[in-house]
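**Q** This is the feature table in TrEMBL:
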- 58: active site, proton donor (ACT_SITE)
- 56, 95, 98: Zn(2+) binding site (BINDING)
- 4-136: domain 'CMP/dCMP-type deaminase' (DOMAIN)
Ligand SMILES: O=c1ccn([C@H]2C[C@H](O)[C@@H](CO)O2)c(=O)[nH]1
Ligand SMILES: [Zn+2]
């Protein structure tokens with residue numbers, strides 16, 4: 001994945017963050033998921049007044065892709081932070097539930113946690129979800 005594609009994916013995550021529905025936490029997150037076939041699925045977090053139905057941006061993007069028949073992913077860019085505050089990449093790593101959902105479809109997804117197009121950190125899924133449980137265990 002070259003630098004320009006990473007920047008593009010981050011831009012799409014920034015764009016997706018604008019649609020975040022987070023009136024309770026005011027923590028808005030955007031994600032952009034790149035499939036092996038070259039498509040990009042965007043997602044934002046969506047909260048609920050009854051709290052538990054809340055879904056993260058990452059899972060919104062992944063479920064959109066899976067529901068459109070795409071299950072092979074190359075990378076996901078994520079950007080999150082409180083409205084009106086400077087984004088800090090150390091506060092926007094994907095939550096444990098999303099890591100497990102990522103693991104369902106890949107064990108070497110590239111995770112790009114971004115504060116801007118030029119300020120991001122990359123992780124592999126294996127790095128942030130070591131010793132993981134995955135679908136192979138049920139074979
Ligand atoms: O990786 C994360 C962490 C949190 N959230 C959302 C869930 C909730 O709406 C808000 C605060 O936890 O941020 C995400 O979308 N992705
Ligand atoms: Zn999550």
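All residue numbers here begin at 1 and follow the chain in the order shown.
The backbone N, Cα and C atoms fix where each Cβ goes, glycine too.
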**Q** Taking the centroid of the Cβ atoms of 56, 95, 98 as the Zn(2+) site, which other residues of that chain lie with their Cβ within 8 Å of it, listed in sequence order?
**A** 57, 58, 59, 94, 96, 97, 99, 101
**Q** Cβ atoms within 10 Å, counted per site: which of 95, 98 has the most, among these binding-site residues?
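**A** Checking each of 95, 98, the winner is 98.
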**Q** Which whole-number mean pLDDT does the model give the domain 'CMP/dCMP-type deaminase' (4-136)?
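**A** That stretch averages a pLDDT of 97.
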**Q** Give me the Cα-Cα distance between the residue listed as 'active site, proton donor' and residue 95 (Zn(2+) binding site), rounded to a whole Å.
**A** 9
**Q** Are there any residues at least 6 positions away along the chain from residue 56 (Zn(2+) binding site) with a Cβ closer than 8 Å to its Cβ? List them or say none.
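**A** Non-local contacts for residue 56 (Zn(2+) binding site): 29, 31, 45, 94, 95, 97, 98.
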**Q** Per DSSP, how many helix, strand and coil residues does the domain 'CMP/dCMP-type deaminase' (4-136) have?
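**A** Summed over the domain 'CMP/dCMP-type deaminase' (4-136), the classes give 44 helix, 40 strand, 49 coil.
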